[in-house]
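Right, one structure below, let's go through it.
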Amino acid sequence: MAIKSIFIIIIISIITSISELYALDPSFLRLSTSLQRSSFPQDFRFGAASSAYQSEGAANVDGREPSIWDTFTKQYPEKISDGSNGDVADEFYYRFKEDVAHMKEIGLDSFRFSISWSRILPRGTVAGGVNQAGINFYNHLINELISNGIRPLVTLFHWDTPQALEDEYGGFLNPQIVKDFVEYVDICFKEFGDRVKEWITINEPNMFAVLGYNVGNIAPGRCSSYVQNCTVGNSATEPYLVAHYLILSHAATVQLYREKYQSFHGGTIGMTIQTYWMIPKYNTPACREAAKRALDFFFGWFADPITYGDYPKTMRELVGNRLPKFTKKQSKMVRGSFDFFGLNYYTSRYVEDVMFYANTNLSYTTDSRVNQTTEKNGVPVGEPTSADWLFICPEGFQDVLLYIKSKFQNPVILVTENGMPSENDKSLSVNIALNDEAKIKYHQLHLTALLEAVSQGADVRGYYIWSLMDDFEWEFGYKYRYGLVYVDFQDGLKRHLKSSALWYHHFLSNSSSYQMD
């Protein structure tokens, strides 16, 4: 009887929170049957995503030691838009049960999160000590998800290298990282693999290498002095070294999983790569070649090795001896090292050829000999959003999916991030801020584009909204809100479902969908 009473209370609380959203302004939800969950394959899964440093908080709690992001945000607060950090973030570490309840309320099939390496291995290695409290946290989270019918999709590395390894040998600039990474993931597979059936080795390795080691905007903040105001780094060599050791770490992880765990646990493993769709700025042969080159340098940089065992030919030609080489043994290990492609897509770019190229002040940015822009003749590439880098380009999403299908042997694809932000306008009341109608339109357009790609043969099997909750958005701090769930950073981190969460709830329950104007 007590269990039945608790169940009734839970149901009432869910209805109340959904009703609160209706009460705000029911006009935002115009229902139709134009796009529903039933439009997608039966086993297609829908979810939302997060990452450890961006959401967990509890930075110095229960044995966790600093990552490079803890150090970067303290050492270079001027590189964060609002000077903030992830010390507290959403306090997901303490409030995960509340957040899982919201996931269930929305109707998520799956939740993507990452594991904090330095919460499991505070010093980065087993020799430095295994933190049982960290293992316990992720066990509790995984169990809570599964008990609520939500499938975990776990990212092993989401940009948060243990600071101890950065101090000891330079982190991903050193081949030693491959051994230490495999040691770390082995613990994760052993501790969580009986319940986690899908793993992402590394999130957006291209963005980590470019932003962290070419322009220095994110941790660890390295670049050549002629690129940005960095005190250390080499933008002509370090991005390629870091990428190389990321790829080898990924491949060694997949090899370990396949040899030791996959047959027993029955799971799958892949890498997540972010890309723009590269559109020739003008209909000329030079622009068309430039767009292909831009894709090679951004997406193919990682997708080519894990599919074919080596970097794109264009990179070999243009980067020369600054691009590391795989040994025959490494190439064999790297080739085919995925069960699925993880794709993060947000927006598109126009691309044109750079006609004049100087052999001075070299960097990853100049090596591709292209110029990326967000406008052509004063017209933006898509509808603008509150973020000056993100324009709404759903047709580019379809093009990316079909490009992956045709160039990379039609792999299984999971769309592991797709989303758009609203600005964190502190002058707005919470009730007004909860109405994020533009975000609903964005997702409707992109889901329609995804369906079209599937109809043309792309093997897409999942879609994850970025993000579950408003969180710490790297170099932008708390400037933007991507979440389905509003986090009130001014009032005790209280959670409120946004209108986009209600739309997703209706979409996932197959009852209705948002009608676009």
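Placed from the backbone N, Cα and C atoms, the Cβ positions cover glycine too.
These figures come from a predicted structure and were not determined experimentally.
Here Swiss-Prot has Gln54, His158, Asn203, Glu204, Tyr346, Trp466, Glu473, Trp474, Tyr482 binding beta-D-glucoside, and the candidate from Glu105, Glu259, Glu417 in that same listed site is Glu417. Candidates considered were Cys188, Cys223; Swiss-Prot assigns the disulfide partner of Cys230 as Cys223. Across the residues the record lists as binding beta-D-glucoside (Gln54, His158, Asn203, Glu204, Tyr346, Glu417, Trp466, Glu473, Trp474, Tyr482), the two Cα atoms farthest apart are 18 Å from each other. Cβ-based neighbour count (10 Å, all protein chains) for Asn371 (N-linked glycosylation site) stands at 16. If you take the Cα of Asn361 (N-linked glycosylation site) and the Cα of Asn510 (N-linked glycosylation site), they are about 55 angstrom apart, rounded to a whole number.
Across the structure, Asn203 (beta-D-glucoside binding site) and Cys223 (disulfide bond) place their CA atoms 21 angstrom apart. Nothing from the recorded positions Gln54, Tyr346, Asn510 places its Cα within 10 Å of the Cα belonging to Asn229 (N-linked glycosylation site). Considering other CB atoms within 10 Å as the measure, the emptiest surroundings among the disulfide-bonded residues Cys223, Cys230 are those of Cys230. On a Cα basis, Tyr346 (beta-D-glucoside binding site) lies 25 Å away from Cys223 (disulfide bond). Around Gln54 (beta-D-glucoside binding site), the same-chain residues six or more apart in sequence whose CB sits under 8 Å from its CB are Gly86, Ala89, His158, Ser467, Asp471, Phe472, Glu473, Trp474, listed in sequence order.
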